[in-house]
Amino acid sequence: MVIIFGENNSRVLGILKSGYRNVPGLVGGFPGPFNQIDAKLLLQKQAKSEEEEEEGRKKRMKKISVILMGCGGVGRQLLQHIVSCRSLHAKMGVQLRVIGVSDSKSLLVPIDVLKEELDDDLLSEVCSIKSAGSALTTLGALQKGECRVFNGSELSRWETEKIAQLLGKSTGLVVVDCSASSETVEILMKAVDLGCCAVLANKKPLTSTLEHYDKLVLDPRRIRHESTVGAGLPVIASMNRIISSGDPVHSIVGSLSGTLGYVMSELEDGRPLSEVVRAAKTLGYTEPDPRDDLSGMDVARKALILARLLGKRIIMDSIKIESLYPEEMRPGVMTVDDFLQNGIAKLDQNIEERVKKASSNGCVLRYVCMIEGSSVQVGIREVPKDSPLGRLRGSDNIVEIRSRCYKEQPLVIQGAGAGNDTTAAGVLADIIDMQDLFP
């Protein structure tokens, strides 16, 4: 019998029966004569040691409880990321316990949120049924008694706040908002007040009233919202580093809409606006109603978040917003089909003239947000062709930050600024970034 040892004879790697003693290339040996009983005892001792080591590792692992609000594209992608990153997070000493998932109508939780969690198979099933447009109440696990569901928005909200009260100042809890609702702000404020953490991809709570905003960011350590502005791009993190270093920010200029970035760059090639918007909708770049993008409201919300981060006490009405369509073509007055078939074509000539004018000045058109001093504006601007903004193509986002340290050459952050995968990755990174706040 040959016992194969690891480095310094500290670990038994395996046992070979007699007859393999002189196998070429066999590494290791044994320090003395061993019989079969010795070998078994040694292996048993090693197995016990490994079990104790694994048990100790689990006890040392930080357990972060998570409730997810919103099962749309970003929410489902986040759940998939959490499941696929289990081994990575284990190496980091972190375990994410998903103890609640809600959509606009229901909240799904385990039987005992203190001791149990929604397992990975159940999370995968949640993603499948929500992708198919079905309700959480159709989950097979409900019939097996493995979890509970609370129906109705008010009951879901009440139960979420109850869980926040139970875990907020004990084990800790992260409430994640991947919805597109303005109604989650009340839950988030309550959760933060109870000592919970909040991670947002949803822009609406941070662009609500100043009173709501102040309550949400009262303890900056407990809130992360990187994905509200540039999906996974480190815009918020970079600004926080600049601000905390005492470097005053003079201006911010950014192309923060993948949809409008695509539209503006396609206009350079001489294509009419109507054709570009229809193509963008076909490619899935726009909302079902492209006017949701063309209104500039999404960019305005991002600009408001950045402005408030700089300490500006402003509301949405303070921002000058340029819409790409007139009031007579707004939703409620003109249908989506009518807008795409007839209305938008009436805007082609004006945009074409602006494109030509910009080109004669050595510039191109970009839809940007501009923050400088007390002014916050959102709309189409001419920018030099050879500038970072002018070279931008496709649906990428870009932000230029000028400060005392970045005066001559701005800090430029560029990359994919849209998409469920990228946005969900940014949310997950924000959750992991909070691990030091958990016992």
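Cβ from N, Cα, C; glycine included.
Features of the protein shown, as given by TrEMBL:
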type     : residues                                 : note
BINDING  : GLY70, CYS71, GLY72, GLY73, VAL74, GLY75 : NADP(+) binding site
BINDING  : LYS203                                   : NADPH binding site
DOMAIN   : 234-432                                  : domain 'Homoserine dehydrogenase catalytic'
BINDING  : GLU287                                   : L-homoserine binding site
ACT_SITE : LYS302                                   : active site, proton donor
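Long-range neighbours of GLY75 (NADP(+) binding site) (same chain, six or more residues apart, CB within less than 8 Å of its CB): LEU68, MET69, VAL101, LYS130, CYS178, SER179, ALA424.
Within the same chain, residues at least 6 positions away in sequence whose Cβ sits under 8 Å from that of the residue listed as 'NADPH binding site' are THR228, ASP298, ARG301, LYS302, ILE305.
Taking each of the binding-site residues GLY70, GLY72, GLY73 in turn and counting other Cβ atoms within 10 Å of its Cβ gives the largest count for GLY70. Around the Cβ of CYS71 (NADP(+) binding site), the same chain contributes VAL101, SER102, ASP103, VAL126, LYS130, LEU136, each under 8 angstroms and 6 or more positions distant in sequence. Cβ atoms within 8 Å of the centroid of the Cβ atoms of GLY70, CYS71, GLY72, GLY73, VAL74, GLY75 (the NADP(+) site) belong to the same-chain residues ARG76, GLN77, LEU78, LYS130, CYS178, SER179, ASN420, site residues excluded. A C-beta separation below 8 Å, combined with a sequence spacing of at least six in one chain, links the residue listed as 'L-homoserine binding site' to THR259, ASP293.
The Cβ of VAL74 (NADP(+) binding site) lies under 8 Å from the Cβ of CYS178, ALA201, SER227, ASN420, THR423, ALA424, VAL427, each of which sits 6+ residues away along the same chain. Around LYS302 (active site, proton donor), a 10 Å sphere centred on its CB holds 25 further CB atoms from the protein chains shown.
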